[in-house]
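To start, the structure itself, in structure tokens.
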Amino acid sequence: MKGNPWENEYRLSEHVLPELYDLLIYPNLNNGTFSGSVEVTLNVTAPCDYITLHHKGLIIENSVLSEKQGSINLVKNAFDYPQNEFWVVRLTEIINPGIYSLKLDFSGSLTGDIVGFYKSTYKDISGESRNIATTKFEPTYARRAFPCFDEPSFKAKYNVSLVRPSSGNYIALSNMNQVSESANSPGPGLTTVQFATSVPMSTYLVCFIVCDFDHLPPIKSKSGFDVSVYARGDQIQKMEYAQQIAVSTINYYIDYFGIDYSLPKLDLIAIPDFVSGAMENWGLITFRETSILYDPNFSSTSNHLGVTLTTNHELAHMWFGDLVTMKWWDDLWLNEGFATFMACKGSAHNHPDWDMDTVFLIDELIDALALDSTLSSHPIVKHVSHPDQITEIFDRISYAKGASVIRMLEGFMGKENFRQGVMAYLKTFQFKNAETNDLWTHLQEFSVGVNIQHVMDTWTRQMGYPILTVTQAGDTITMTQQRFTTDNNATYDPNESAYKYKWDVPVTYFTSENKNSTLNWLMAEQPSLSIKIGNAQWYKLNWHFMGFYRVKYPLEHWTTLTNVLNNDIKAMDAADRANLLDDVFNLAESGHLDYSVALSLTSFLRKEDHMVVWALAASNLLAIDSHLRLTPTYSNYRRYLRKLITPHFSDSLWSFPPDATFLQKSQQVRMIGLGCRVGVPACLDKAKQLFTDWLQNNGPKPHVEIRNVVYYYGIAESGEDEWDKVWTLYLAESDPQEKVRLRSALCAVKEPWILARLIERAKNEDYVRSQDYFILLSSIASNPVGNGLLWDWVRANWQYLVDRFTLNNRMFGRLLPSVVGTYSTDVKLKEVETFLEQNPDVGAGGAGRKSAVEAIKLNIRWLEKHLPSLTAWLETQ
């Protein structure tokens with residue numbers, strides 16, 4: 001223990017509660033600084049002689065504590081304790097419980113990072129650089145903008161006053177509506193804007209922005225509040241779709257949750273520099289431009305889906321996260337898992353023809369299953385304390401696994417019972433904080449025959465998930481469970497989990513005789529579950545891929561299922577076909593089955609036309625492709641893939657008629673991308689022809705749906721002259737989504753020296769924004785020509801990356817697995833382990849480091865385990 005109490009704790013006192021912040025803040029867009037003052041009304045509930053609150057990187061000049069109606073300053077001294085990001089206010093005496101006022105003056109910098117309160121820049125239509133000031137506070141960055149009690153349980157009201165330039169068409173925005181403004185305040189040429197007092201909310205949801213953006217006319221929701229959108233002037237028309245979706249979805253959520261939206265207005269704004277996809281600031285949602293701008297001339301079907309899902313995810317947070325907030329970051333999944341789950345429902349409401357429940361499989365479920373089968377995963381509910389740990393858990397477990405187990409939960413409760421339980425939970429905890437068990441308590445009220453907490457604790461408080469192994473005797477199938485791991489020889493201690501890596505499994509199934517879902521339970525304490533299937537010729541478990549588990553059928557039943565799908569592909573729905581593919585390939589990868597079983601099942605793909613099924617097939621087939629790339633077997637495997645895919649190619653695949661559906665266009669794009677990836681000559685030739693017609697012959701741009709593929713493979717088959725032309729187009733491009741496509745293509749070139757030049761150029765933020773930097777490095781890493789080059793560069797320039805981004809940056813923390821995750825030799829493993837030993841500081845990269853090392857070890861074992869049998873099978877094809 002250290003000498004002073006504030007040295008021994010990351011958490012703030014529960015006895016000093018903020019009730020109201022009166023916040024004045026002035027961003028100086030000319031010199032890149034900000035200054036302000038805050039008066040916090042505190043409810044002190046126990047005697048104390050010091051107060052701690054958060055700050056990071058601020059200069060705090062005055063600290064005054066007095067009784068609310070008093071004038072005597074009770075501060076003895078105040079100082080920074082940076083180890084815990086505290087501002088410590090020591091008092092002249094022990095103060096009694098009561099209401100107090102804490103006043104602080106502060107200043108800081110708008111430059112250097114894109115979290116906290118920061119400056120974002122863009123070029124207007126005339127080419128002039130413009131500055132705006134904006135915020136990104138989740139999870140622990142409000143303390144970089146103003147001294148505050150920066151924990152989610154400290155909900156308080158806010159009176160925000162924001163200073164903007166009086167000229168230059170600048171506006172000020174915050175969570176609440178503007179109520180007044182004062183000209184020439186705090187000085188000439190400045191205007192101070194006052195906003196209405198907010199509802200109680202957590203610090204990470206506070207937002208304030210000074211910008212010169214345009215807006216579209218507001219649209220009224222069904223409850224009568226305005227929904228408005230803002231963006232830079234030359235992009236504002238691309239906000240029309242998001243505005244329409246927002247109104248549609250917010251009305252749907254109001255009905256679904258049975259609780260009205262809580263604020264008098266809702267704004268959505270596109271920010272040129274934004275570290276994540278979007279941020280659910282209550283009443284003022286901020287987005288990365290590519291996550292919200294939509295224009296049919298520049299936006300593909302993939303962009304359309306992404307904008308829709310991201311918008312609906314953030315809108316769901318207005319209830320899950322904003323209205324009801326987790327008490328502490330351990331329960332982050334209550335925010336993110338629910339928002340991810342509800343985004344799918346909202347998008348299905350917007351676009352009933354998109355088959356969103358099946359799209360959910362490739363957007364969320366399979367990612368979560370893949371990550372959670374590794375030993376470096378973590379439980380959904382995970383204890384965290386340090387800011388590095390907090391930012392690190394904003395990952396696919398919190399989001400995708402969280403959403404997937406909620407989807408499973410809704411499946412066995414029933415949609416209406418589930419909705420009623422959610423409504424009760426939100427009503428009880430509105431404007432408050434909750435924990436995971438609070439959700440289970442309210443869902444239990446609407447559940448019959450199932451102990452919700454007993455079941456769901458096994459899914460949320462231990463990592464991993466089960467594989468059900470099925471045996472059959474006559475008309476009876478029997479299943480047992482064990483933990484599924486990517487390598488079935490992986491060793492771990494079952495006692496490290498309080499649940500011994502057993503789960504309460506909702507087992508659903510259907511048969512050839514009864515296509516309706518039937519539910520049974522295999523409980524954690526049960527040794528097995530037996531089911532009678534009568535005269536059914538075949539059966540399939542995990543109906544519609546609703547459960548978060550895998551199924552290993554008897555070998556002969558895999559043959560039966562393969563024959564069923566070859567004879568009648570409509571014998572089961574797309575979700576079930578996708579489930580079989582994902583299970584069989586992952587069972588083969590782990591060593592539970594031979595790959596010949598998985599590859600035989602793919603024979604039905606010759607009749608398959610659903611993009612989700614092909615997406616599952618492609619991800620698994622390309623995983624093998626990655627493993628084999630440096631082996632002599634690679635040519636035979638590539639030949640097999642081309643044979644599988646070529647029958648789906650025709651000239652019509654490259655045409656997109658106006659009446660083509662979302663699923664049709666998605667499938668066409670999927671097949672074209674897969675064909676070029678595995679080297680189908682007709683695909684590569686067509687892509688190169690379209691690229692040359694556009695770039696060299698001044699022809700029309702390729703259709704927006706296929707620009708990604710055409711640009712990428714066009715550059716991959718070109719040299720310096722073509723690369724330089726695309727670089728020039730990239731620099732001049734104003735549409736954010738088109739800029740992403742061009743930047744991705746630049747990473748495809750096969751000349752190492754051009755990639756080395758690109759890596760150096762990317763350091764310049766005029767060329768590559770910080771928000772895009774690690775995306776670009778990952779794109780280079782995925783190019784076989786660039787991977788080794790980048791690995792060498794990362795090792796040589798690690799300190800540059802640390803200095804520029806800090807170890808707290810979770811995108812930086814995820815760089816390593818994207819660079820080394822495909823390595824498959826002991827030599828490369830030793831290189832990585834040596835590098836980690838030489839650079840032991842983890843920051844927000846602890847999970848990334850573990851997953852990188854585990855991935856390499858798995859790759860090595862994969863080749864040892866599977867290469868001989870795969871080589872033999874491919875030689876017979």
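Cβ atoms here come from the backbone N, Cα and C positions, even for glycine.
Note: TrEMBL annotation is automatic and uncurated.
Record features, source TrEMBL:
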DOMAIN    18-205  domain 'Aminopeptidase N-like N-terminal'
BINDING   Glu138, Gly277, Ala278, Met279, Glu280, Asn281, Arg810  substrate binding site
DOMAIN    241-459  domain 'Peptidase M1 membrane alanine aminopeptidase'
BINDING   His313, His317, Glu336  Zn(2+) binding site
ACT_SITE  Glu314  active site, proton acceptor
SITE      Tyr399  site 'Transition state stabilizer'
DOMAIN    538-857  domain 'ERAP1-like C-terminal'
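Projection of TrEMBL feature records onto the structure.
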{"residue": "Glu138", "record": "substrate binding site", "Cβ neighbours (10 Å)": "24"}
{"residue": "Gly277", "record": "substrate binding site", "Cβ neighbours (10 Å)": "15"}
{"residue": "Ala278", "record": "substrate binding site", "Cβ neighbours (10 Å)": "21"}
{"residue": "Met279", "record": "substrate binding site", "Cβ neighbours (10 Å)": "23"}
{"residue": "Glu280", "record": "substrate binding site", "Cβ neighbours (10 Å)": "24"}
{"residue": "Asn281", "record": "substrate binding site", "Cβ neighbours (10 Å)": "27"}
{"residue": "His313", "record": "Zn(2+) binding site", "Cβ neighbours (10 Å)": "26"}
{"residue": "Glu336", "record": "Zn(2+) binding site", "Cβ neighbours (10 Å)": "27"}
{"residue": "Tyr399", "record": "site 'Transition state stabilizer'", "Cβ neighbours (10 Å)": "23"}
{"residue": "Arg810", "record": "substrate binding site", "Cβ neighbours (10 Å)": "24"}
Within 10 Å of His317 (Zn(2+) binding site) by C-alpha distance: pick out those among the recorded positions Gly277, Met279, Glu280, Asn281, Tyr399, and say none if nothing qualifies.
Met279, Glu280, Asn281
Glu138 (substrate binding site), DSSP three-state class -> coil
Using all protein chains in view, find how many other C-beta atoms are within 10 Å of the C-beta of Glu314 (active site, proton acceptor).
26
Could you state the CA-to-CA distance between Glu336 (Zn(2+) binding site) and Glu314 (active site, proton acceptor) to the nearest Å?
9
CB neighbours of His317 (Zn(2+) binding site) within 10 A?
25
Note the mean pLDDT of the domain 'ERAP1-like C-terminal' (538-857), expressed as a whole number.
96
Relative to the Cα of Met279 (substrate binding site), which of the recorded positions His313, Glu314, Tyr399 has the closest Cα?
Glu314
Other residues, Cβ within 8 Å of His313, His317, Glu336 Cβ centroid (Zn(2+) site)
Glu280, Glu314, Ala316, Phe320, Gly321, Asn335, Phe338, Ala339, Thr340, Met342, Ala343, Tyr399
Cα-Cα distance linking Glu314 (active site, proton acceptor) and Glu138 (substrate binding site), given in Å to the nearest integer:
13
His313 (Zn(2+) binding site): nearby binding-site residues from Ala278, Glu280, Asn281, Arg810, Cα cut-off 10 Å:
Ala278, Glu280
Pairwise CA distance, Gly277 (substrate binding site) versus Tyr399 (site 'Transition state stabilizer'), rounded so that it is a whole Å
13
Pairwise CA distances across Glu138, Gly277, Ala278, Met279, Glu280, Asn281, Arg810 (listed as binding substrate) top out, in Å, at 20
